[in-house]
């Protein structure tokens, strides 16, 4: 169904303020902060044939969208050939966005909850249907796309656009891509802009590799209680590999995010804060939570804000959590995943060592090993063609940055999960056999003597091994080509070798 926009004829700044007020509180900032130049531009344009649209961005039904002042999602903007088009637009949910009309070579500057609204002005110089969308990576795929419909007889191009809030000069519209009749060609399902030159790796990139030993203490045999957690989402330039950096989106500046631990019957109060330096809205969906999209429906947090939800831990097991803000796969691939362990009444059996390991994949513009600052490649993400596979966020996280160690005779428990967002893991430890495996994170029934356990994205497993022989045990996904793309870890076991278990040479 097509949604048409109301026409506003603006003759004075007070009317502009009223129009923005009708669009909601997020738009008021434009009227209050409009520069003299932008106000004069609006007044000058109003003397001609003007179509003024008041829009805002929002999250609706799990999608990032544009809305008009009536709440219509990704509306069709209908104008006549030769009309001056004015779009006043603000970020309702607070994330950074823009609006671009690539076939007309028209785009706004970036805006967010922090910057307030912006106004874009241009002339509809060609008849046809033209897509508009947000060019921030992942936002078009998440739902931010609509159409500008220009009706009327063909006419020669008219001097084009002016971004009223930035003072950009006019740009003459280009011919529609691939078209001979002045109409835009249909856009592909995934926006693939011209590839920008690769940027050098950031020398100030920090480690985001999660420490596998960062496991909260066991809950033991205590009674249910109320526990509180606070997690901050941060966008961090991190070390992906030696000589390679990447902009991670994280929970508490690490990948995976912090491991949470509770017991069945606990009441968990969770506060999610989004750093003021973030450009994106973030959220959290915990697979252990019953209702409200696992908390994702009520934790969409704008930069500089925080929200709190409270839930009852109803089911024992090891559960994944992740960001649930559109485009969800993009947020997960950028590092936004972790796990929460809900122990049964009485707790888990005691072991000597516990480790926290998660697998993920990254979809980057440059191939594995390139010494650059890697960017997200949305086409590769859509096609599920990752360049990197990693344990705990980065290449070398469990071979160089952090160590997994044990002694002969100790029992090691690994809480293992797959953030994904797309690839299944065949988790295996070379040189070892899992004595006990809790498949899919379920504590209801254990399996024993398992060589490799299958863990899908968004799932987990608990594996245990009694280390009976010294040496280096390799953690891998047994889809072994992935080891060549970064997916390897080491568990080093020290102690005396028992030659009856293994020795070089003939039987004794």
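Cβ atoms are placed via backbone N, Cα and C, with glycine included.
TrEMBL has this to say about the protein:
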{"type": "SIGNAL", "residues": "1-31", "note": "signal peptide"}
{"type": "DOMAIN", "residues": "237-344", "note": "domain 'Plastocyanin-like'"}
{"type": "BINDING", "residues": "282, 287, 322, 323, 331, 336, 478", "note": "Cu cation binding site"}
{"type": "DOMAIN", "residues": "385-494", "note": "domain 'Plastocyanin-like'"}
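Mapped onto this structure are the features recorded in TrEMBL.
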| residue | record | contacts (Cβ under 8 Å, 6+ apart) |
| --- | --- | --- |
| 282 | Cu cation binding site | 233, 249, 272, 274, 300, 301, 323, 325, 331, 336 |
| 287 | Cu cation binding site | 294, 319, 320, 321, 458 |
| 322 | Cu cation binding site | 284, 285, 328, 331, 332, 336, 337, 338, 419, 421, 458 |
| 478 | Cu cation binding site | 426, 427, 428, 452 |
- Item | Three-state secondary structure, which DSSP defines for residue 331 (Cu cation binding site) | helix
- For the domain 'Plastocyanin-like' (237-344), what does DSSP give as the number of helix, strand and coil residues? 13 helix, 51 strand, 44 coil
- Note on the structure: Out of 323, 331, 336, the listed binding-site residues, fewest other Cβ atoms within 10 Å surround the Cβ of 331
- Task: Kindly state the mean pLDDT of the domain 'Plastocyanin-like' (237-344) in the predicted structure.
- Result: 98
